[in-house]
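As structure tokens, the structure follows; a few thoughts come after it.
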């Protein structure tokens, strides 16, 4: 570890401590996850853009969700892969650390806001289908997406600014594979308790604030579905929400463990595992959740594959 003076300009990322064989195995695994994440989410964005059957608010939001999943994994995974590939400690500049933390938190916040909006969209579709086209106009959808992106990026300016106002004099070794806020606060010689409490309140507001419309929407959705007399009708109604609901459970579950806790500086091993869920596993699962559980997407995907095959034959 470098001396204290260098901690003003750069940090060392510990990454995944272990043998070279372990690092090589992890590199191969995470590289595979990353490639599948990029390809899967790009396929979703492409088929939503070209297939007319998917020109609806639900799929418009899904395309933006796929963009966010690509971004959140790209902010973290290439740096992590580089660290696994090279022997020794990986360094990241102070500016690089600020940018990575800000983008990671901003994209994550945007995603939560969008997930809340998607839940309301599903509520209107299931509980008030006759007014769906009146309520969910293209203007409304564009406004929701713009507000989600603006809120995500603007709301994280102060938390990141406050994090880097501290003096990091204990060490410059971050026990993580990216610039994690909890690990940064551990390195500070200042009293971080008050700031940590404010950051906890802000994280709770963002996550619980976007989770509330999701819970309320699904309460109404489930009660409406249970009132449908036929089993096929109930199944059809639930199939429109199943993929979003699955994604919400995985996404919110891991983030509640990671961010909504009064003490930001908890065990590094725990932090690493939950961060992997957020930045690697969830983006990887996204294409599977939204294609395998959605008949329209499967049909559009099948037609796209057939068209590609015909083009190749010609």
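Placement of Cβ uses the backbone N, Cα and C atoms for every residue, glycine included.
Of all ranges given (101-120, 121-140), TrEMBL attaches the label transmembrane segment to 101-120.
Annotated by TrEMBL as transmembrane segment, the relevant range among 272-292, 293-313 is 272-292. Note on the transmembrane segment (60-81): residues 13, 15, 27, 30-31, 33-34, 37-38, 41-42, 44-45, 48-49, 90, 92, 100, 103-104, 107-108, 110-111, 114-115, 117-118, 121, 141, 144-145, 148, 177-178, 247, 275, 278-280, 282-284, 286-287, 290 of its chain, located 6 or more positions outside it, place their CB under 8 angstroms from a CB of the stretch.
Nonlocal intrachain contacts for the transmembrane segment (101-120), taken as residues 6+ away from its ends with a CB within less than 8 angstroms of a stretch CB, comprise 58, 61-62, 64-65, 68-69, 71-72, 75-76, 144-145, 147-149, 151-153, 155-157, 159-160, 163, 178-181, 184, 206-207, 209-214, 217-218, 244, 247-248, 251-252, 255, 278-279. Within its own chain, the transmembrane segment (272-292) is flanked in space by residues 16, 30, 33-34, 36-37, 40-41, 43-44, 62, 65-66, 69-70, 72-73, 75-77, 104, 108, 176-178, 180, 243, 246-247, 250-251, 254-255, 257-258, 298, 301, which lie at least six positions past its ends and keep a Cβ under 8 Å from the stretch. Counting only same-chain residues 6+ beyond the ends of the transmembrane segment (141-161), those with a CB under 8 A from a CB of the stretch are 57, 60-61, 64, 98, 101-102, 105-114, 117, 181, 199, 202, 206.
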